[in-house]
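Listed features, source TrEMBL:
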TRANSMEM  74-99  transmembrane segment
TRANSMEM  111-131  transmembrane segment
TRANSMEM  151-169  transmembrane segment
TRANSMEM  199-219  transmembrane segment
TRANSMEM  239-261  transmembrane segment
TRANSMEM  273-294  transmembrane segment
Amino acid sequence: MRISAAVRAMALAGAAALVAMPAFTAASGVLNWGFLILLYTALAQSWNLLGGFGGQVNLGHAAFFGIGALATRILWLHGMAVFAALPAGTAAAAAAGLVIGAPGLRLRGPYFAVGTLAVAEILRITVGNILPEVSSLPAARLAAYAIAPRYYLALGLAACVTITARMLAHSRFGYGLAAMREDEEVAEAIGVSTFRYKLLAFIISSGFAGAAGGVFGYYHLSFYPQFAFNPVWTFDALLITFLGGVGTVWGPLAGAVVFLLLREVLALRLVELHLLIFGVLFILIVVALPGGFVEAWRSLPVMRRELVREASNSVADSVRRRRRSP
């Protein structure tokens, strides 16, 4: 699909605004909210690379987020620069993706989904039993803490994952994933090595999830290792992807904005019932917009043309009836 000049201009303006945001506001609340949008965009896009483009529902995505968060945090607190610790955490998550994916991807459908969830839960419980409950920043690092560098790190990661998703979507590899998503047997029949494609997508997805976890570990003043493995990270990634549009490049960004807006508004206005109402709203949105907000936006010109055509036909019918009447 060709990108119109208006959409391209809007995208460039949005990117410029994101880059310039710390220079125009020192409000930590605004930067923290921007950081969360970017972090959730990166996390959801990492799930989308496998679940959206490849159709493989990974319910253990939080495991790789947690591995990246834990590895990056430990290395950084032991003196390694964050720009070295973050790639190390990413590599650890990608390696875990290889180890888990090689046998796990022999399973299909719900068996694969349940298997990944089981592995993630085993890791979460193990980490909770072995590691201390909380890890706070040393006084020297606490004094030097600033939100702007962490915001830019999240921005760079979100941009990197989104660019990767766009490149993959329009590559031979992406077309193979799309064929596999539609029908795995047919994809194999036309020469797609489905296991190799799934494994490579799983490793890339796991690595980017680990990078998102690493940014999260660098961001927080106090860090609960077990929370980084909480399955809520997986389900948030799924919610965001479905809200924005599964298998679309811009869906995770749109979904992250909608997800955080809904969550914050409902949490402020309806403290007791906000989770229940959020769940109901999510179901209604998915039913009304099965392709997500991105697909709904893309279909607006078609809908507008249909409405204009129907209105024109209605006016023409009315004129003909008036001419026929005595």
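Cβ coordinates are placed from backbone N, Cα and C, and glycine is handled just like the others.
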Distal contacts, the transmembrane segment (151-169) - CB-CB under 8 A, six or more residues away: 15, 18-19, 21-22, 31, 34-35, 38-39, 41-42, 45-46, 48-49, 53, 82, 86, 177, 204, 208, 211-212, 215, 218-219, 249-250, 252-253
Which bits of the chain, at least 6 residues beyond where the transmembrane segment (74-99) starts or stops, bring a Cβ under 8 A of a Cβ in it? 63-65, 67-68, 135, 137-138, 141, 153, 199, 202-211, 213-215, 217-218
By a Cβ-Cβ criterion of under 8 Å, what residues six or more beyond either terminus of the transmembrane segment (111-131) are in contact with it? 56-63, 66-67, 70, 100, 104-105, 225-226, 228-231, 234
